[in-house]
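Q: Submitted below is the structure of interest, expressed as structure tokens.
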Amino acid sequence: MQDNVPASGGGPSRLFILRPVATTLLMIAILLAGIIGYRALPVSALPEVDYPTIQVITLYPGASPDVVTSAITAPLERQFGQMSGLKQMSTQSAGGASVITLQFQLELSLDVAEQDVQAAINAASNLLPNDLPYPPTYSKVNPADPPIMTLAVTSSAMSMTQVQDMVDNRIAQKISQVAGVGLVSLAGGQRPAVRVRLNAPALAAYGLTSETIRTAITAANVNSAKGSLDGPTRSVTLSANDQMKSVDDYRKLIVAWKNGAPVRLQDVATIEQAAENIYLGAWANRQQAIIINVQRQPGANVITTTDSINKMLPALKASLPNSVEVATLTDRTTSIRASVKDVQFELLLAIALVVMVIYLFLRNAVATLIPSIAVPLSLVGTFAAMYFLGFSINNLTLMALTIATGFVVDDAIVVIENIARYIEKGEKPLNAALKGAGEIGFTIISLTFSLIAVLIPLLFMGDIVGRLFREFAVTLAVSILISAVVSLTLTPMMCARMLSHQSLRKQNRFTRASERFFTRLIDTYGTWLRKVLNHPWLTLSVALGTLLLTILLYIWIPKGFFPIQDNGIIQGTVQAPQTVSFSNMADRQQRVASIIMKDPTVESVSSFIGVDGTNAALNSGRLQINLKPLSERSERIPEIISRLQQQTAQIPGIQLYLQPVQDLTIDTQISRTQYQFTLQAMSLDELSVWVPKLMTELKKLPQLEDVSSDWQDGAAVAYVNVDRDSASRLGITMSQVDSALYNAFGQRLVSTIYTQASQYRVVLEHDTTNNTGLDALNDVRLISSDGGTIPLSSIATIEERQGPLAINHIDQFPSTTISFNVASGYALGEAVDAITQAEQQMNLPADITTRFQGSTLAFQSALSSTVWLIVAAIVAMYIVLGVLYESFIHPITILSTLPTAGVGALLALMMAGKDLDVIAIIGIILLIGIVKKNAIMMIDFALAAEREQGMKPYDAIYQACLLRFRPILMTTMAALLSALPLMLSTGVGAELRQPLGVCMVGGLIMSQILTLFTTPVIYLLFDRLATRFRRVPRQEEETE
């Protein structure tokens, strides 16, 4: 065969056609590299695009929100505000806790941010209260990111304090050591402690005060260095019985001497082993439990981290007593694996559909095999590049590969169809391969680089959305590039070796019937094409109409950000009146959980109340609802949420907010709903005036539902108004007053019990069992300058006021966050417009600033760049095509096909009830790259016919349209069917994939119908314009 090789022809494919062994080995190398890369790639729901985020928590039991703000939050804010790379700082100061969330720029390393945070905490430490029981602690975690795993620890025989001790020492620490874990928090924590409840009448009878008791306990229990004795022959370490470690030790403690007799602590107080904080509670399916919430570090892989935890769980469970049970309530990887598995199935289905299309068009098993090999080679080879680029197997990269299935086969189809045409004309396979590949090589290069050019703007998208789609764009671009290489190397080589005139001429009933069908179809197309070419202005009017309709549809269509996914987990917040007590809140929380547990779609419920780093106020309770797998329920999350809210509405005095857990978390604040809008002012007084007014207006908007605010200024405050003159006359200072109140009502941590494994606190408080109202303040007694004790009521009056339940700041200024969901039947864009309009109509003062947060802010950013992104894609493609064709005119002809795809995509979205979200926008951008393929194939052949055969433009474009009709139809069908599984997907995470499929299918159908007619007409129009412009200079020369 080599002896009959033509001296020229084949273009870039010639070397590979003539060297089949080298070509085969090269393809095997690509395949093996891809397989190795696939096995090493991590799996995740989405690309890792988290902002570097650190949460700083400072606990100050008993402190009011005002005290926490001024004494803790403000000093820390000032230091954190000086850090470089800080994007936003949000703080929440509640009774007993300060929570500061620091979000850094995407480019900043989390480890660098951690060092800056530690340095800022050290710098602020001297400004913090001296009696702060715990120093500020930080975690590399986004508090708004739901836990990747939730465990419930229960026991039928042990108390919750004993269970907590085991969880602390045996489970939580081990899980914290797992790579990727950012924070292990214990909800409903019942840390063991010795609680000293003072009996006010007994104290008064002995003439003692709480300060006397606190001083005695502090002095009696110490743990400090004592030194050693170093003698001539030996050394002795000094030790003493300076620690009290048991409840009995504290009961026997002498706190004073009266009339020569000792007064022991048990004489004036009840001492018991109990929980450090009695105002915390957690339940798993209504059974009291310790809830372990595991949150990942920003950027950590969910599946890798969770797998590591699951591997150690059996050993951890084995170390616990038989009466202690550890149950996994939530495992986020379940839905992630199911979602990825569904996309993998859709990828395989797309491959099968594409191969079926190839066979239907080529009607030959051998001819079908050749382009079919291009699909796995291109897709599998892409995994190698993904590995070296640090990507993961996730929903977006698998979606890119699914869409690429239709793309990667296009080039091979074009090549094999052109080679087969020469073989059918009588050429030998080798000559046909060289001629066909050489003739089509430039077209393949044009198709490839113009399609990749469309993806380039995606790489320059800013912020988190750009990071999110970078893996999508690069994965798709790499697969297209590999497919071009395969199509120019392996495909023509296989055609030269496997195709023959006899194999292509094999006939059966199916091939004869399909041949007659395609012949009639081409004849019908040719007839209509003649009519269209003879009435160009009508066709041009249709083309112009599609452009105008595209603009109108873009304006009309509802716009969203990111599809709401059904991952089988619902987060809930139970809101009660601001004056609710702990026991009352616990009862309400349990009633809500009971109703939810009865729902047939619910598998488990975990809930907790109390103020800690996760929950900001006593009147808020948290819920995590785990639904049954999607295969075991017929309803989606929106229907379930609506039903649960209706069922719990019967409980008086509570409001239940529910939202589905999403794979993408952009927010940094724990919110009751999906979207947030913030107001910021110079003072709390201004916010107190305008927040209620704005809330009233927003609740009227039909586009919104579940409107709520974290502004809570109706908490009951017992204001102690001290007569300073009287206090001074009696020798009593304000420091004594504060200390006495703290001793009585602040769960004050007055001492620490040290053991070999951990430390436990001694908690001091008044026993208010028989006196729970404001009258309990009358039991507080103070020591006067003469050594006697006087009641607080003798120097102070008590009045009940209202005050803040929590104080929020954003970037050091007072703020409030309004949360909302988008009402059914509306899109996020409509909700944002409605809020903006309502805000403008209110004429807020100039010193009150507003802005959207989290997902809503990202939506605004993405929406503002959408038009420019599409324009950039078109410009990039024009530049590439202009360079390839060395023409200003032909790229415009090719780009004229784009409005038809836009009309089809937007109409399909509206018919399917989908918003124009970022996933749909990506689909439209891909359509820009796909639909121009039809025009490129037509124009390439028309230009070749004009140049090589001397045809007139009319005849050249007409012949090109007929010759390329079958491959155009074949490639369009392949691309359409590759998107069809995404459009029809129903599994876990289908909401994420459907908009892309709908856009692709709708756009391809519309563009296929119209561009077969509009492209040749526009080609002839621009050819006439170009001819006319060329004549003008000639006429000027003749005139001269």
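Cβ atoms here come from the backbone N, Cα and C positions, even for glycine.
According to Swiss-Prot, the transmembrane segment annotation covers 15-37, 343-365, 369-391, 398-420, 440-462, 474-496, 535-557, 867-889, 909-931, 968-990, 1000-1022.
If you look at the structure here, what lies around each of the features I listed?
A: Remote same-chain residues near the transmembrane segment (398-420) are listed as 340, 343-344, 346-347, 350-351, 354, 358, 361-362, 367, 370-372, 374-375, 378-379, 382, 432-433, 435-437, 439-440, 443-444, 447-448, 451, 471-473, 475-476, 479-480, 482-484, 486-488, 491-492, 495, 499, 504, 926, 930, 933, 937, 966-967, 970-971, 974-979, 981-982, 992-993, 996, 1000 (criterion: CB distance under 8 Å, separation of at least six residues from the stretch ends).
Using a Cβ-Cβ cut-off under 8 Å and counting only residues 6 or more beyond its ends in the same chain, the transmembrane segment (440-462) has close neighbours at 11-13, 407, 410-411, 414-415, 418, 469-470, 472-474, 476-477, 480-481, 483-484, 487-488, 861-862, 865, 869, 872-873, 876-877, 879-881, 884-885, 894, 922, 925-926, 928-930, 932-933, 936-937, 940.
Nonlocal intrachain contacts for the transmembrane segment (535-557), taken as residues 6+ away from its ends with a CB within less than 8 angstroms of a stretch CB, comprise 896, 899-900, 902-903, 906-907, 909-910, 915-916, 1010, 1013-1014, 1017-1018, 1020-1021.
Residues 442, 445-446, 449-450, 453-458, 460-461, 895, 898, 921, 924-925, 928-929, 932, 936, 1022-1023, 1025-1026 of the same chain lie 6 or more positions beyond the ends of the transmembrane segment (867-889) yet place their CB under 8 Å from a CB of it.
Long-range Cβ contacts of the transmembrane segment (909-931) within its own chain (Cβ-Cβ under 8 Å, at least 6 residues beyond either end) map to 403, 406-407, 450-451, 453-455, 457-458, 465, 468-469, 472, 476, 553-554, 556-563, 827-829, 862, 866, 869-870, 873-874, 877, 897-898, 900-902, 972, 975, 992-1000, 1002-1004, 1007, 1011.
Only residues 6 or more beyond the boundaries of the transmembrane segment (968-990), in the same chain, are considered here, and those with a CB under 8 A from a CB of the stretch are 45, 335, 338-339, 341-343, 345-347, 349-350, 353-354, 356-358, 361, 395, 399, 402-407, 409-410, 413-414, 417, 565-568, 630, 663, 930, 933-934, 937-938, 996-998, 1000-1001, 1004-1005, 1007-1008, 1012.
Here the transmembrane segment (1000-1022) has long-range neighbours at 403, 525, 528-529, 532-533, 536, 539-540, 542-543, 546, 889-890, 892-894, 896-897, 900-909, 911, 923-924, 926-927, 930-931, 934-935, 938-939, 942, 953-954, 957-958, 960-961, 965, 968-969, 972, 975-976, 978-980, 982-983, meaning same-chain residues at least 6 beyond its ends whose C-beta is under 8 angstroms from one of its own.
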Q: Same chain only, please: residues at least 6 beyond the ends of the transmembrane segment (369-391) with a C-beta under 8 Å from a C-beta of the stretch. Say none if there are none.
A: 27, 30-31, 33-38, 40-41, 47, 347, 351, 354-355, 358, 397, 401, 404-405, 408-409, 411-413, 415-416, 471, 474-475, 478-480, 482-483, 486-487, 490-491, 494-495, 498-499
